[in-house]
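Engineer: Residues annotated as transmembrane segment in TrEMBL: 12-31, 95-119, 140-160, 198-215, 235-256, 325-346, 358-375, 426-446, 458-477, 489-514.
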């Protein structure tokens, strides 16, 4: 006879079913070009031999994910044929029959089951007092913050992607490291890298943590590494796991002599510094500074406007942004900046690891550092920092403060992804719902210490309200809409970049000033 469900199990199932029902309601909502991207990948993996997967270019949306994700699409395609075989024809560009829409939406919803399991495993890793009310339990708050995450809902189930499935692999890997099941954690992360290579952003955190805390089995009394404790066997085993995963993934293409072609698809450095809509990072601030210097230079007759690249003064948000005053930024420069931005965190985790929580903090910094300084960063990449930070936010007051700033700002920066009128009330409602819960639940959890946010921080976040009113309702009525159509996107990008940059700085201050004493990690 099965044991009766506990209250924790009941609320988890209720939250999972509730968000799944909401996702079903969004099936017929707007979808972006990413919907066609994945339909095309279903078609080419189903219809073409493996040797043509990374050469096929009938559609502009060529396959640019690692091989394991291509096999994932291949598996889905064999289910898709029972819904509508026409979606699997490569030549059927922009094909979106009702059956195709239903299948692709359901595939994302069903794939999120892995995410549900990963969230449950993460909740088991939390430190929490028994006997607390449901609303005061970190595990309940974390479940809502992850399962009902605003960013995942709009990016996956309106805009259309498979981030929930991918974050499920990531969170499960993190949970395994908390549970000291390091081989499983390493295997899961290796699989993740071969599903979507954007997770290379956080690979340094994994590499340093596993080398320092797993391959070196002991530390000195002061927390420094004990060199004689190095385990060659553990290193060899980890290396075997990683190399085997990559061999299974890339092996067929290496055998076909196609590795250079695959890599050229995965790393298209011919794209510009910024995406069409500037991600709210340091390069958005750099771009606007260049525009400001250009305008001032022309006004004071220090610069000749005829010598400027056209896009720098009139084009607005474009991929191939050309700087007029400040030096142009190369892919190598962004790589150097990214490495420099995460090095202190990596040194910290090496010299004072602080266990799995220290690893998680380093992972968040690597994700955010790469977002801040990376080449051609997509705005959606902010979720790679927000979701893992949720785990720290329910255990530390300072992390809760940083989480509120980063999540509210980062989530609002995703608003331009949904630009259709019918989705406007949906995104506003879901954003408000998630934000109000985050603020009230974390405030209740850390109520003994006073207000979580400082007055200036609260004022900055409240500034998002007039920004939204101006961009969505006021600006379209002005005469500038036709002359400067990019201005609302630019304002959103710049304003959110300030908040994300501030959160990044606060996170670093927290990392470098926190004590190794575990008391600093306990809830207040």
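Just so it is clear, glycine is given a Cβ too, placed from its N, Cα and C backbone atoms.
Remember, TrEMBL labels are computer predictions, not curated facts.
Quantities reported herein were computed from a predicted structural model and do not represent experimental measurements.
Show me how these features fit into the structure around them.
Structural biologist: Beyond the ends of the transmembrane segment (140-160), by six or more residues, the same chain brings 8, 11-12, 15-16, 19, 22-23, 26, 29-32, 34-35, 38, 104-105, 108-109, 112, 115-116, 119-120, 122-123, 126, 134, 167, 171, 380, 382-383, 386-387, 390-391, 393-394, 410-411, 414, 417-418, 423, 426-427, 430-431, 433-435, 437-438, 441-442, 445 to within a C-beta distance below 8 angstroms of the stretch.
For the transmembrane segment (325-346), the residues of the chain that approach it from at least six positions outside its boundaries are 204-205, 208, 269, 273, 282-283, 286, 289-290, 293-294, 297, 303, 361-362, 365-366, 369-370, 372-375, 508, 511-512, judged by C-beta separation under 8 angstroms.
Tertiary neighbourhood of the transmembrane segment (426-446): same-chain residues 26, 29, 135-136, 138, 141, 144-145, 148-150, 153-154, 158, 393-394, 397, 400, 403-404, 407-408, 411-412, 415, 418, 452, 468, 523-524, selected by CB-CB distance under 8 Å and a gap of 6+ residues from either end.
Note on the transmembrane segment (458-477): residues 404-405, 408-409, 412, 415, 424, 428, 451, 487-488, 491-492, 495, 498-499, 502 of its chain, located 6 or more positions outside it, place their CB under 8 angstroms from a CB of the stretch.
For the transmembrane segment (489-514), same-chain residues at least 6 beyond its ends with a Cβ under 8 Å from one of its own Cβ atoms are 277-282, 284-285, 288, 316-317, 344-345, 348, 354, 361-362, 364-365, 368-369, 371-372, 382, 398-399, 401-402, 405-406, 408-410, 412-413, 415-416, 457, 460-461, 463-464, 467, 470-471, 520.
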Engineer: Which listed range (12-31, 198-215, 235-256) shows the maximal number of Cβ pairs under 8 Å with respect to the transmembrane segment (95-119)?
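Structural biologist: Stretch with maximum Cβ contacts: 12-31.
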Engineer: Does the transmembrane segment (198-215) reach the transmembrane segment (235-256), going by 3 or more CB pairs under 8 Å (6 or more apart in sequence)?
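Structural biologist: These two segments touch.
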